[in-house]
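Visitor: For reference, the structure I am asking about is given below.
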Amino acid sequence: MLTIADHQFSSRLLTGTGKFSNHNTMLQAIASSGSQLVTLAMKRIDLTRGHDNLLGPLQSMGVKLLPNTAGARNAKEAIFAAELAYEMLGTKWIKLEIHPDPKYLMPDPIETLIAAQHLCEKGYIVMPYVHADPVLCRRLEEVGCAAVMPLGSPIGSNQGLATETFLSIIIEQANIPVIVDAGIGAPSQACRAMEMGAAAVLVNTAIASSANPQQMAKCFADAVATGRQAYLAGLGAVNNHAHATSPLTGFLSEPSISSLAKSVNSKGG
């Protein structure tokens, strides 16, 4: 089970709600993924009409919603978005995202740490999206974050685990769940993240942009489960040189060769 704060999840695949062609496709994909923790941007929620045509169906599915602060450019804006999420949705769970650069959407480490400390002190369950920076992730754990969400590669890029070396260090050092977020573009990449020991992965673009989001979501679910089982089973060591799987000595010793030669000669005679 994946444990975040006081909540347990049987699925280790988190999904997002953006970039789908329509709401029905999104809902079908989320259902197919088996995801129990779904992110959504606060800026996409519209309650002015009495109900929201995105929020309602998600709530009816029984998934836990993880509002995010996407669009925030600094700590002040992110804190405001988190407080708004609490007022609108009644949850103190928040995926903290602060990326002032609209081109590459790189998270701002300084503003993220400032906002995380403030929100943790206010009792929020903070899950920050950050660079794959082991030092920063340690600091975020120290201020009380419930999990850290280091990127594999830029958001929406489908480039995979470009930061694998640093992700490994973060996973090794962390005492809270490490959820690989951003850039995962194929089920094999999600599987690899889980094999490394990640607690979970978050996938959005790779599912939403595929030709068949519902089927792709199921593929990711299977890959995440397989990767987790492989991690628990214990992967074999990686070596720089060959190791024979069968003995290379003994059967070619002089007595063996002599016996073989006699056998061949007797049959030939």
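From the backbone N, Cα and C atoms, a Cβ is placed for every residue, glycine too.
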Visitor: Given that Swiss-Prot lists ALA182, GLY183, ASN204, THR205 as binding 1-deoxy-D-xylulose 5-phosphate, which residue among GLY156, GLY197, GLY227 does it place in the same site?
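Guide: Among GLY156, GLY197, GLY227, only GLY156 appears alongside ALA182, GLY183, ASN204, THR205 as 1-deoxy-D-xylulose 5-phosphate-binding in Swiss-Prot.
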Visitor: Among the binding-site residues listed here (GLY156, ALA182, GLY183, THR205), which has the Cα closest to the Cα of LYS95 (active site, schiff-base intermediate with DXP)?
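Guide: Comparing Cα positions, the closest of these binding-site residues turns out to be ALA182.
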Visitor: Mind checking which of GLY156, GLY183 has the fewest other CB atoms within 10 A of its CB? They're the binding-site residues.
Guide: GLY156
Visitor: Name the secondary structure element type, per DSSP in three states, that contains LYS95 (active site, schiff-base intermediate with DXP).
Guide: strand
